[in-house]
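*Asks:* One structure, as structure tokens, below. Some questions next.
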Amino acid sequence: MTPRLGTMRLACMFSSILLFGAAGLLLFISLQDPIELSPQQVPGIKFSIRPQQPQHDSHLRISTEKGTRDSPSGSPRGLQLQAPDQPRPHPKAAGSPLRLRQRRRRLLIKKMPAAGTNQGNNSSETFIQPRPRTMDSRWVSLHQTQQERKRVMREACAKYRASSSRRAVTPRHVSRIFVEDRHRVLYCEVPKAGCSNWKRVLMVLAGLASSTADIQHNTVHYGSALKRLDTFDRQGIVHRLSTYTKMLFVREPFERLVSAFRDKFEHPNSYYHPVFGKAILARYRANASREALRTGSGVQFPEFVQYLLDVHRPVGMDIHWDHVSRLCSPCLIDYDFVGKFESMEDDANFFLRLIHAPGNLTFPRFKDRHSEEARTTSRITHQYFAQLSSLQRQRTYDFYYMDYLMFNYSKPFSDLY
């Protein structure tokens, strides 16, 4: 064998190896599915509760200044609903077999974490894929209701309380706000709008009780387990107003007024009868008996309304019938969540879900006091207001006008203007 012939054979062998290698590489590439190169997402709705400050906080951000309420997009900064991101197909994926893509998508979904799993309270986003599908629309509806309530409240404040944004928050403005630090919640107490049961819920959230049913009325109202916001120094107040979720629950004003009257004056009461009852009977009942003046018992609803509307009333106001706009200062404090007594169960449990409360905690439905007595309803409210003249009804409506306006309640009587 000559050296020239050996060299030619080696060259041919090397060329054959390169040719087979290139052919194998092309075959391998042609068998790959380009869809594997593009990320897949599980279909569903992504609900995002984003903090405003600090970034790692999982709660809704609140501003104490009305001037900072509106974001450029026009959506509230508290609850934020986002549509799901649509997966982007790879440019070469159009020709891939449909069956192969579906099979690989199913395999990918199986590897995803379970929907609705909370990956920790420090996460700034909560991904919820409610089941069944009807829960999706329910969640969206409750979210939209919150947006509308806050919009109405902002507009009323802008129209009638234009100077509020320039006022500083003082301890007096936050004296009715209760603090729950574990879940970073601030709750403004509105008496006769479910406040007793809300305090029970806060005590369970704080780890002070295992069940709302175990907490007695006196513990709720006369104990010191829950802190008020005005007990903190200024730095503590400002910090919590800026970073905690602030919420309040309201009630139809006439209905709330009647509920307060029934509770405080139609049942024995060692405080309201001697303090308010005696003063009301002495001023507004002609020829009141000695017994009535001694005990303060037996105040009638028209007499109570006379006291309420009197600018020179003989005894001051009380939180049970004071305006919500005075109790909670909603034009000065930017509340993230506005619930209503009339839709308490839905609103309360929606709120508990938003703050990642324990799954077994729901809002209690029992009546706190006088459980044998019917709740104050619209029908009962009309019966009490039927005892008043049309002028008294109008003046009472005027008295609560800001509450009707801010919380979008309809006029309770057709002859009101």
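From the backbone N, Cα and C atoms, a Cβ is placed for every residue, glycine too.
Quick caveat, the model's predicted, so the values are computed rather than measured.
Pulled from Swiss-Prot, these are the listed features:
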TOPO_DOM  1-10  topological domain 'Cytoplasmic'
TRANSMEM  11-31  transmembrane segment
TOPO_DOM  32-417  topological domain 'Lumenal'
REGION    47-101  region 'Disordered'
COMPBIAS  56-69  compositional bias 'Basic and acidic residues'
CARBOHYD  N121  N-linked glycosylation site
CARBOHYD  N122  N-linked glycosylation site
BINDING   191-197, 251-259  3'-phosphoadenylyl sulfate binding site
CARBOHYD  N287  N-linked glycosylation site
CARBOHYD  N360  N-linked glycosylation site
CARBOHYD  N408  N-linked glycosylation site
*Asks:* Could you check which of the glycosylation sites N287, N360, N408 is the closest Cα neighbour of E252 (3'-phosphoadenylyl sulfate binding site)?
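*Replies:* Comparing Cα positions, the candidate nearest E252 (3'-phosphoadenylyl sulfate binding site) turns out to be N408.
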*Asks:* What is the interatomic distance between the Cα atoms of A193 (3'-phosphoadenylyl sulfate binding site) and N408 (N-linked glycosylation site), given in whole Å?
*Replies:* 16
*Asks:* Select the closest residue to F254 (3'-phosphoadenylyl sulfate binding site) from the following glycosylation sites, measuring between CA atoms: N287, N360, N408.
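*Replies:* It is N408, whose Cα lies nearest.
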*Asks:* Helix, strand or coil by DSSP: which one applies to N360 (N-linked glycosylation site)?
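*Replies:* Looking at the DSSP assignment, N360 (N-linked glycosylation site) belongs to neither helix nor strand, so coil.
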*Asks:* Quick one: pull the CA-CA distance for R256 (3'-phosphoadenylyl sulfate binding site) versus N408 (N-linked glycosylation site), whole Å only.
*Replies:* 15
*Asks:* What whole-number Å value do you get for the CA-CA distance of N360 (N-linked glycosylation site) and C195 (3'-phosphoadenylyl sulfate binding site)?
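*Replies:* Approximately 20 Å lies between the Cα of N360 (N-linked glycosylation site) and that of C195 (3'-phosphoadenylyl sulfate binding site).
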